[in-house]
Structures are given as structure tokens and as C-alpha cells.
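What TrEMBL annotates here:
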TRANSMEM  40-59  transmembrane segment
DOMAIN    45-666  domain 'Major facilitator superfamily (MFS) profile'
TRANSMEM  80-104  transmembrane segment
TRANSMEM  110-132  transmembrane segment
TRANSMEM  220-250  transmembrane segment
TRANSMEM  270-294  transmembrane segment
REGION    300-324  region 'Disordered'
COMPBIAS  304-322  compositional bias 'Basic and acidic residues'
TRANSMEM  354-372  transmembrane segment
TRANSMEM  392-412  transmembrane segment
TRANSMEM  424-444  transmembrane segment
DOMAIN    469-524  domain 'Kazal-like'
TRANSMEM  548-575  transmembrane segment
TRANSMEM  587-610  transmembrane segment
TRANSMEM  639-662  transmembrane segment
Amino acid sequence: MEVSSKENTHFFSNSTIMPVDRSSFKSESSASKEKQACCGGIKIFLGALSFVYFAKALSGSYLKSTITQIERRFDIPSSLVGVIDGSFEIGNLLIIILVSYFGAKLHRPRIIGAGCLIMSAGTFLIAMPQFFMGRYRYERFSSTINSTVSLSPCLQDKSQTPLSALEKSQAKINAGCEKEAGSSMWIYVLLGNLLRGIGETPIQPLGIAYIDDYAVEENAALYIGCVQTVAIIGPIFGFLLGSLCAKLYVDIGFVDLDSVTISPKDAQWVGAWWLGYLIAGLISILAGIPFWFLPRHLPRPQRRKDSSTSSEHSRFITEDSKNQGASSWQQAKLAEMAKDFLPSLKNLFGNPVYILYLCASIIQFNSLIGMVTYKPKYIEQQYGQTSSKTNFVIGLINIPAVAFGIFSGGLIMKRFGVGVVGAAKLSLGSSFFGYLLLLSLFAMGCGNSEVAGLTVSYHGAEAVSDHEQALFSECNSGCSCSRNDWDPICGENGVTYVSPCLAGCRASNGTGKNTVFFNCSCVGTFESSQSSSAVVGPCQKGNECPKMFLYFLIISVITSYTLSVGGTPGYILLLRCIKPHLKSFALGIYTLAIRVLAGIPAPVYFGVAIDTACLKWGSKRCGGRGACRLYDSSALRYVYLGLTLVLGTVSIFFSVAVLCVLRKKSSPQDETLSANGERGACGTKSRKDNFANSDQLIQSTYWPEKETRL
């Protein structure tokens, strides 16, 4: 409108010809229609992209919530589960460069739609083993299952068991071995997660660039902020979905639930982990549908057309209406960019602030990713909580605290006008107090469950001998028991026994969950107890555990909030301490380093460390070690929290080094150099001049893993 009014004034000053007014009105009318079409199109794209961000965040967080379920279902150790978790990052890295470069030259909405289809295919693939590997089999004494054969738990002589029953049992084991020998179904989970990472790749770079190209300049940051807000909501629903599915038995709909003799608190319980992946895959398909009907290009806003600073799309993407001369110009431009790659890389890695902050971020993300990945497992094993309750707590309490912390960090930066040095102090303070709070969690653990032969001896004293040999005692010496079984029962003395046989039980009554064992010789001798009966399932942990769990939740929420407050200031520090023309390159290197050096290895070595705290391993039907059934609570606490704190402490030292270098860069001499026109790495004056331009870039960038900083 402003341009049209200037043109009318110019024409009226030279001539009084009336038709000029009509052409002016036509131009105003066409501009108005173009603006409406642009706004309508970009808002539809914004809504579709927000839904996609919700879908990918939901499926990613749901995977975190099913870590324990997958471990038990496929009888694999935590280290292997860590490899499965890291496969998403591997899939993402495989094609990130190709998508970022070639995707910008093609139909970006349709590429995002294709990515959603690939992501949904990977999500469905993760759930497929449930339909091919048969029903879930857990270890239980045969009398607890409806059977016509009544067996004594303590098999003093194999002649007690009918020969036909033994033969049938052996035949079933052999048949199961033949089936298991040719299948490793967890590989499909790994490949599905890898495929999910490939499908997720184009969503962030192409979606954000599309909004930046076609949105009105002052609205771009607001639109991108809306997308990121929805991305934070996704994990809340992901963990709540994980809580719901963990309550349901894994084979729900396939078996009679009355025949299931284990409860959600049992170490062998597996929830309907596959059901959530089917739901998440369906949501991904629905999220991708609108992108197939969106145009390749939208009308560019009038102010963006007249702007002297063209967007990334207008600079590097050849429009259909451009002539062939632009193509040769672009090739020359790309050749010039390639020639400038090594000097830019040298310039970037020659910046001490950038290198130190990159090292601090890599180590801190190792700490946070490892902690987040195994947090559900830690809560289950340390405090005796079910998978369902654990996921519910994380989704409803921890993640909102993270979102509020991210928002608070940005609000503090804006409210107090925090500069570069102030951002470094805020980021350092957030990390320091966050890890200090984490240190207090060492005092909020529960003791080991009393398990005869593993954590306590059969005579009431703490077990100090070899765990495998300590499972056998005088009270069960007359029984033909296996040390590999895990079929826990709870004695009337409050002690858990690994199996009815190892408890010396010689009689049972009832079926299923209502089975009661009698004449248990080991129960009767424990601490001179006269009672000798036991019931199915492990005993509950001590009375102090519920109170400790409450304290843990309070400190955990405060810690999540405190650590998240420093996220936004740290990201601003990263952006303002590099030369403006290297920002995109620096962000790319930063994201790549976080994914390769933190996202992939952290779940693996955290899993290996957690495996060292296992007291009792499960056994596969054909031999070999399965999933862990019982952890040493104290060892698990020291390994899990200790590794997190050590990494966090190292990252704090790097953050202190960043602050020291920044203070030197912010000296009066540096300010003088900056005023004379020479831009330093973090010159205070030059950064203040670029404050407004940086704010838009900060809001339009993505902080990796921010929605899972728990």
C-alpha cells in the first residue's frame, strides 16, 4: 500500500490522466489477494508441520518409555538396548547432508510427506516382532498354571513326575530352541528405529526453511516458536501412552488374561509395548497426508520481495521462472562456497569460545541423554515402581518442568537484557546447581530387596559368598533345583525366594496368581520362623521406599527445571560468539557433533555400566544370558548417578573455561578494537549491534534433544 501511494503521487504530479487510478486499484487488489493466499497457505503449512513435530516427538519419547519392556521381551541386556536406542541417530546422520542440500531444490512439502511415511513404516516395523515370535513365555512353576498334572516344587526325585509330562516338557523346550536359534527379533526393532531416524531427517531443516522463506518476516519467529511448543507437548503424550500400554499385558487379545500369573510389579512383566508403536505409526501417517497437497512454492510476501536481504531460498534455489543463466551463476556460487569450506572450518575451530562450548555441550549431552534413556529403568529398579507408574510420572511431572525451564531461561535473558558474558554465567550457574541437586539423590535410595541367596543368606545374615553358590543351602539340598530359574515367591517372613524349589516347598494349593506353597523348609528356618508358607510373586521393598520415592520426585523435578534454564542462554552464547556468516555452518557442526559423540554412544556405555550392577540374570530357553531380573540397588545408584555426575562435572570445567575466555574477550582493549571495525570472536559492542538480528535466528533454531532434558 505504501509503494502504491508513492506511485500515485508521482503520476499525479506529472499528469491528470484518470485511468492510472484504476491500475493502482488493481495492483492494490491483487496485492491484497496475494497476501491472503500467502497467509492462508503458510498457516496451513504451519498447522501441518506442528502436527508432524508432535508425531515425531511422541514416537521418540514412547521409545524411551518402552526401553525396559523391550529388554524383557527380547531377553537382551541394557547395553544392547542402548544400541537400539542410538540407531535413530545413525539413521538420521546417514542422509542429513543429502536431504539438507538436495531437498531444498525439490518439492519440500512432498519430501516431508515422504519422510512421514518412512517414519511411520519404521514405527510399524518396530512392532512387527510381536506378531511373528509367538506368545511371551515367562518362568513359572507348572502348578501355578492350570494343569492336570500336580507337581511338588521340591523335586526330590525325578520319578515323582510322570514320564509323559517330562517328555512333553522337553519336546516343547527343544521346539522353542529350534525357533529361537534362527531368529533374533530385536534386529527388527533396531532396523525400525533406524528407518524412523531416516524418515525424521527432512522434517526439521526443510520445514523450518519453508516457513522462513514464505512467512512475513516479523511473523517467522512466532510461527517457529509455535512449532517448537507443540514439539514439547509431544513427549508428554508419548510417556502417558507408554504408561497406559505398560498396564496391559503384552499378549492382550491373544491369550486368556486369567491364566497370566505375573503382575505388573514382577521383574518378568512385559506390557503391550507394541500397541503404542501402532498408534504412533498411524499418527505419523495422518500427519504426512496434508503435505502431499501443499504447493511447492507459495506467493512471496510483498515486503520479502522488496527486501534487499533475500532469504536462503531466494539465494540458493532456482525458481521455475528463472532463466538458464541463473543456473550457471549458481554453479559458480557453489564452487566459490566449496572453495571457502576449509578456510571457514579453520576459522570456526580457531575460535576458542566455540571449541570450549562445543566440548562442554558434548559432555553434558552425554550425561543428560544417558540419564534420560535409563531413568524409567532406574525408578523401577531402585524404588520398586511399575513401568506404568514410572512413565506416568515422567510424562506428567518431569517434561513440563523441562518446558517451563526452557521458557524461564529465555524470559530471564529478555527481561534483564543479559549479554554474552551474562549468558555464560547463567548457563554455568544452571549446570552447577543442577548437578549439585543431582548429588543429593545419592541419599535418596532404597535398600536391596531381601532375596535369599542373593542379597541375604538363608540364615538371615547378609550374603557375602558367591551368588551362584549361595542360592543353595542345607534347607534345599534335598531338592533338584536349577540356579537359572527365576520364579520368585514371597515367604511369610517377608523374604523373597528365587523359586519355590529353592525355598524347599513340598506342597502347593490353588492355581494361577492364587497359588499358595506349603511346607517350605527354607522359609521355616529363616530367622527361626515357624511359618513355612509362601505366595506367588516377590515381596515388596521396605516401608521407607515410598517416602524416598516422593523425595526423589521432588528433587528430580527441581533438577530438571534448573538444568533446563541454562539451555537457552547457552544456545545464545553459541550463536553470538561466532562470525555472522558462519552461524549456519557452526550450528551444523554443533548438531553433528552432539548426535555422533553423544546421541549414539551415551546409551550404549550407560547400558554397559548398568549391566555391571546385575545380581541375577535371566536365562534363555536354549541357554545363554537373558535380561537382568534383579539389580543391586546400591550399585545401580552409584553407577547411574555417579556416571551422570562425573560427566556433568567435566562439562562444568569446560563451561568455566568458556567464561574465562569470554571475560578476556570483553576487556576494554577488545571493545576498542571492535569500535574500530575489527570484529573479535565475542566483541561486546559488535554483539550489541547485532542483538536484534540474533534474536530472530535464536528463536528459529532447534535445540537438539531439548524435549527430553529430564
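Each residue, glycine too, has its Cβ placed from N, Cα and C.
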Outside the transmembrane segment (354-372), at least 6 residues beyond either end, the same-chain residues with a Cβ under 8 Å of its Cβ set are 64, 348, 431, 563, 570, 573-574, 577-578, 586, 589-590, 593-594, 597-599, 601-603, 605-606, 640, 643-645, 647-648, 650-652, 654-655, 657-658, 661, 681, 704-705, 708-710
Close approaches to the transmembrane segment (424-444) from elsewhere in its chain (Cβ under 8 angstroms; 6 or more beyond its ends): 364, 409, 412-413, 418, 548, 551-552, 555-556, 558-559, 562-567, 569-570, 573, 637-638, 641, 644-645, 648-649, 651-652, 655-656, 658-659, 662
Looking only at residues six or more beyond either end of the transmembrane segment (40-59), which have a C-beta under 8 A from one in the stretch? 109, 112, 116, 119, 123, 196, 200, 203, 207, 210-211, 214-215, 223, 226-228, 230-235, 237-238, 241, 277, 280-281, 283-284, 286-288, 290-291, 294-295, 298-299, 707
What same-chain residues lie close to the transmembrane segment (110-132): Cβ under 8 Å, and 6 or more beyond its ends? 49, 52, 55-56, 59, 63, 74, 91, 99, 103, 185-186, 188-189, 191-203, 206-207, 250, 273-275, 277-278, 280-282, 284-285, 287-292, 294, 296
Lying 6 or more residues past either end of the transmembrane segment (587-610) yet within Cβ distance under 8 Å of it, the residues of that chain are 77-83, 85-86, 88-90, 92-93, 96, 348, 358, 361-362, 365-367, 369-371, 373-374, 377, 574-575, 631, 636, 639-640, 643, 701, 704-705
What does DSSP give as the helix, strand and coil breakdown of the domain 'Kazal-like' (469-524)? 12 helix, 11 strand, 33 coil
Contact set of the transmembrane segment (392-412) with the rest of its chain, CB cutoff 8 A exclusive, min separation 6+ beyond the ends, reads 61, 65, 232, 235-240, 242-243, 375-376, 379, 385, 418, 426, 430, 553, 556-558, 560-569, 703, 706-710
Should anything in the same chain at least six residues away from the transmembrane segment (270-294) have a Cβ under 8 Å from its Cβ atoms, list it; otherwise answer none. 41, 44-45, 47-48, 51-52, 54-56, 58-59, 62, 65-66, 69-70, 72-73, 109-110, 112-117, 119-121, 123-124, 126-127, 129-130, 136, 199, 238, 241-242, 244-250, 252, 264, 387-388
What average pLDDT is reported by the model for the domain 'Major facilitator superfamily (MFS) profile' (45-666)? 81
